[in-house]
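Q: Before I ask anything, let me first share the structure, which is written out below as structure tokens.
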There are 2 protein chains.
Amino acid sequence: MFKINENYLKLPGSYLFSDIGKKVKEFTEANPDKKIIRLGIGDVTLPLVPAVIEALHKATDDMAVKETFKGYAPDLGYEFLRSAIGENDFKKRGVDIAVDEIFISDGAKSDSGNIGDIFDADNKIAVCDPVYPVYVDTNAMEGRAGNYLPEQGKWSNVIYMPCTKETNFAPELPKEEPDIIYLCFPNNPTGAAINKTELQKWVDYANKTGAVIIYDGAYEAYISEEDVPHSIYECDGAKTCAIEIRSFSKNAGFTGTRLGFTVIPKELKCGGVMLNSLWARRHGTKFNGAPYIIQAAGAAVYTEEGKRQTKEQIAYYMKNAKVIREGLTAAGYNVSGGVNAPYIWLETPKDMTSWQFFDYLLKEANVVGTPGSGFGPGGEGYFRLTAFGTYENTLEAIERIKKL
Amino acid sequence: MFKINENYLKLPGSYLFSDIGKKVKEFTEANPDKKIIRLGIGDVTLPLVPAVIEALHKATDDMAVKETFKGYAPDLGYEFLRSAIGENDFKKRGVDIAVDEIFISDGAKSDSGNIGDIFDADNKIAVCDPVYPVYVDTNAMEGRAGNYLPEQGKWSNVIYMPCTKETNFAPELPKEEPDIIYLCFPNNPTGAAINKTELQKWVDYANKTGAVIIYDGAYEAYISEEDVPHSIYECDGAKTCAIEIRSFSKNAGFTGTRLGFTVIPKELKCGGVMLNSLWARRHGTKFNGAPYIIQAAGAAVYTEEGKRQTKEQIAYYMKNAKVIREGLTAAGYNVSGGVNAPYIWLETPKDMTSWQFFDYLLKEANVVGTPGSGFGPGGEGYFRLTAFGTYENTLEAIERIKKL
């Protein structure tokens, strides 16, 4: 008689975005004349840039002819893409990452979920609170999170590191020593970034305590400040303690095109075993590579044209971020984020919970955002707005909020 | 101090294709004048069909314009593709599969590896011997296989079901009751198929014993005989005991384009829990969908043009299969497969091991195949040739073998 993975039954329902959808639907039906502006989504809205489109067409043509047709891709990904990544994302920032330390995948979500495969169930994880839910949920599925405590909105065996205004939206070194530390900077959902000195503390801590850091750098392209590291490997010693996960979703609009990569330096070992080898084995056994066409599109992001065009898109989104940040500040809100990330994190006005503010904003300004409490108890009393709307809508939304 | 998943360390090296590569390289360097013909690969060689190419270009254009740009895809996959699958792969064969029982993925290899996530580590698996290595290796990674016994080439906690000429290349119901049964028909590597009556026995057995069948139907499109089922759901009661995994790799040449799907009927339950819900949760948490462009290409496979064009490709490969099968039979070999699958499975001539025959064929006929022992101890004394070469090369290879 077969047995299921009972850990799945411990997972609470994942209703954040469906609850938002329901509320918006109800409001729209009751108020068909109101124009709703959605600044809640974490999805990009601008189309793929011309350089990427051109590469997709070209790679498609390659697949149409026997001479250039591509079957199974190399396990780690095509070298043309891994070389471009190594050169642009690392070497140009003074970091030396070899092509066989880069693993191409179908995206950062898959990688940040699947990376748990190479670790024992008996590891204690630490996460920021609020946090991108995938880290915790996937560890819960693998039996690492203990039990869910509904009244606290937390898991019994997870170390939560509060990231609130009291901590300046950065985690503090935990009192209890974790085995695996998830860090995401620039951060989803708070939009906060940390500088190199702060990140170096985490690297030193991990090396000292024998922890591994899983560093999610999906929002790296939005960094605008000089002292914010683009890769954890800019820190000394990171190669012996950190895995970095990167994405093409937010820098090049690949949310529906699916491409990402994970870096595991060969220096990262446990008892002499390279984690690079374990991940290579997982990659080769449970994955068959990202599509050739999509890898070719990814390489186009690193061409001169591609870099210029994707930079323009990011500038467009960050212009929205500025509108939101400055507008809300002018309206008297306490606002953070939006400088090195497309997310703006605001404190809800006095006595309002995240959901109360959601309802208030929907009703009074017809603007949709995301309640901070949806990202964990540390998000209660906060609210996320995103820069992925159109400029015109973003302007209008902020004008409406200002008038409240 | 973090701990790795020690199960990975139990895995023996996966050297089959690299060993083949090395031997071929050595031979080529020593005999630069010889023309090697490769009939060992399991990868397609014909380009994507025009209908698919057209869909890729069109979907790429969708991604270039804001109005038709696609961000994150629906968790289960686009409904246009799931509907086409439900209609063509199931309804047309008299099987009723709902669209929310179909999960689009990046391929059958990922699915057949990842499916283990929803099962407890304490499940005993049964596999055919010889077998596609992914089933066993992924279970070993999850701690379900016990220990590897190098002298036997087997895992201590896996039930092996011999598929040799003695069993007519089909497994017999195992004496020890497994919890999870992996079946792949038409089979890789043997090319064998089983008829509906035989498959029904397995469905009945699974329902009776409370086992779940993971049915790999990646080679379904190659079925030519009337009584061979195209889906396990053609059998009565399969919905309460079987998961079916399908692929676009071999029917439409998507090995480098990556698309597949898994069917989990809602009737398949364990103690009242639907496995469909567990997989939906995994899909939503650890995966972000196949690229829109690729899903659009997949849908093109189901258009009238797409069906006609892919059918022609399969006919081309199966013409090769016939050449191999009939040629080897004429040359006195005992041959099976090649009727409902692109794989031909032959007994090595007396007293030769699989590897000895590999060396013999390479040296004397300059033809490369795959030693059967690479797929498990039950493959010893057998050899796999594939129909994915060109017609001209296949003819020539068989002529050479005939002359030996």
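Residue positions begin at 1 at the first shown residue.
The backbone N, Cα and C atoms fix where each Cβ goes, and this holds for glycine too.
TrEMBL entries are annotated by machine, without manual review.
Pulled the feature table from TrEMBL, pasting it below:
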- A:Tyr15, A:Gly42, A:Lys109, A:Tyr132, A:Asn188, A:Asn288, A:Arg384: substrate binding site (BINDING)
- A:Tyr72, A:Ala108, A:Lys109, A:Tyr132, A:Asn188, A:Tyr219, A:Ser247, A:Phe248, A:Ser249, A:Arg258, A:Asn288: pyridoxal 5'-phosphate binding site (BINDING)
- A:35-401: domain 'Aminotransferase class I/classII large' (DOMAIN)
- A:Lys250: N6-(pyridoxal phosphate)lysine (MOD_RES)
Q: What whole-number Å value do you get for the CA-CA distance of A:Tyr132 (substrate binding site) and A:Lys250 (N6-(pyridoxal phosphate)lysine)?
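A: Given the Cα positions, A:Tyr132 (substrate binding site) is 15 Å from A:Lys250 (N6-(pyridoxal phosphate)lysine).
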Q: Out of A:Gly42, A:Lys109, A:Asn188, A:Asn288, the binding-site residues in the record, which is closest to A:Tyr72 (pyridoxal 5'-phosphate binding site) when you go by Cα distance?
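A: For A:Tyr72 (pyridoxal 5'-phosphate binding site), the closest Cα among A:Gly42, A:Lys109, A:Asn188, A:Asn288 is found at A:Asn288.
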Q: Measuring Cα to Cα, how far is A:Gly42 (substrate binding site) from A:Ser249 (pyridoxal 5'-phosphate binding site) in Å?
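A: On Cα coordinates alone, these residues lie 10 Å apart.
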Q: Chain B sits near which of the recorded positions A:Tyr15, A:Tyr132, A:Asn188, A:Ser247, A:Lys250, A:Arg384, counting only a Cβ gap under 8 Å?
A: none
Q: Which secondary structure state does DSSP assign to A:Lys109 (substrate binding site), in the simple three-class scheme?
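A: SS state of A:Lys109 (substrate binding site) = helix.
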Q: Taking the Cβ of A:Tyr72 (pyridoxal 5'-phosphate binding site) as the centre, count every other Cβ atom within 10 Å, in any protein chain shown.
A: 17
Q: For the domain 'Aminotransferase class I/classII large' (A:35-401), what's the model's average pLDDT?
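A: Result for the domain 'Aminotransferase class I/classII large' (A:35-401): average pLDDT 97.
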Q: At the Cα level, what's the spacing in Å between A:Arg384 (substrate binding site) and A:Lys250 (N6-(pyridoxal phosphate)lysine), rounded?
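A: Cα to Cα, A:Arg384 (substrate binding site) and A:Lys250 (N6-(pyridoxal phosphate)lysine) are separated by 17 Å.
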